[in-house]
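Student: Okay, here's the structure, questions in a sec.
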Amino acid sequence: MSNRTFQRGDPIGHAFADPGLLAQALRHRSAGTPHNERLEFLGDGIVNLLIAEALYQRWPKADEGALTRARAELVREGALAVIGRTLNLGERLTLGPGELKSGGHRRDSILADAVEAIVAAIYLDCGFERCRAVVLPWFEPSLAALPVGKAEKDPKTRLQEWLQARQLPLPQYALISESGDEHAKQFHVACILEQPAARAEGQGTSRRLAEQQAAATVIAQLDSNT
């Protein structure tokens, strides 16, 4: 399965000045060299730095333990694989015949590695500031949905308390779809408010995470209208 050059408007959000970096980031070792393992190594460090910085800035009251747990949740293999699917990386990966036949383009580990490799490719292509600007939006739904320690309430709790304070009906959460293999489930959920009328959708590797993401989006809608 060969990669396609990303164009403007594609989910990744970056047009590469050096297409060779993109090609390498999407080439699994089963397809020969140069493959993406060195880029994956570099990207792992960059992702950890970006997420650590984002959490440090966004949750000033959270202690070290809460920040560490939050970062671990955001950069774990399953979470990165969800991003890989959102970016449609599976259909762009270059895999050897064996990996292709065994469904490697759907495997969490391969997708997560490709995400890290692409982060490194963006960094090498255009530097850290641009890399941050491109990559952080990939994590934004999960950042917004993640409860960080006792200092921060999760989006579902915040939304419920906002509605209760105004004596308004509580939100309803509806499962839109559930897809993927047992080891790579993807849940698609809607959060629906009766009053004020609002609706948002969220996706995640568990129904809880999908509901948190949907609630976070509804909160953002309410904030923009006040």
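Backbone N, Cα and C atoms are what each Cβ position is placed from, and that goes for glycine too.
Marked as domain 'RNase III' by Swiss-Prot: 5-127. The Mg(2+) binding site annotation in Swiss-Prot covers Glu40, Asp113, Glu116. The active site annotation in Swiss-Prot covers Asp44, Glu116. Annotation comment: Swiss-Prot describes 154-224 as domain 'DRBM', evidence class sequence analysis.
Any idea what these are sitting next to in the structure?
Tutor: Across the domain 'RNase III' (5-127), DSSP assigns 84 helix, 2 strand, 37 coil.
For Glu116 (Mg(2+) binding site), the number of other Cβ atoms no farther than 10 Å from its own Cβ, over all displayed protein chains, is 25.
Within the same chain, residues at least 6 positions away in sequence whose Cβ sits under 8 Å from that of Asp44 (active site) are Glu116.
When pLDDT values are averaged over the domain 'DRBM' (154-224), the model yields 88.
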Student: In sequence order, which residues at least six apart in the same chain have a CB under 8 Å from the CB of Asp113 (Mg(2+) binding site)?
Tutor: His28, Asn36, Glu37, Glu40
Student: List the residues in the vicinity of the Mg(2+) site, defined as same-chain residues other than Glu40, Asp113, Glu116 with C-beta within 8 angstroms of the site's C-beta centre.
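Tutor: Apart from Glu40, Asp113, Glu116, the close residues are Asn36, Glu37, Leu39, Phe41, Gly43, Asp44, Ala112, Ala114, Val115, Ala117, Ala120.
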Student: Give the number of CB atoms, excluding that of Glu40 (Mg(2+) binding site) itself, located within 10 Å of its CB.
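Tutor: Result for Glu40 (Mg(2+) binding site): 20 neighbouring Cβ atoms inside 10 Å.
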Student: Summarise the domain 'DRBM' (154-224) as counts of helix, strand and coil residues per DSSP.
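Tutor: Counts, helix then strand then coil: 32 helix, 23 strand, 16 coil.
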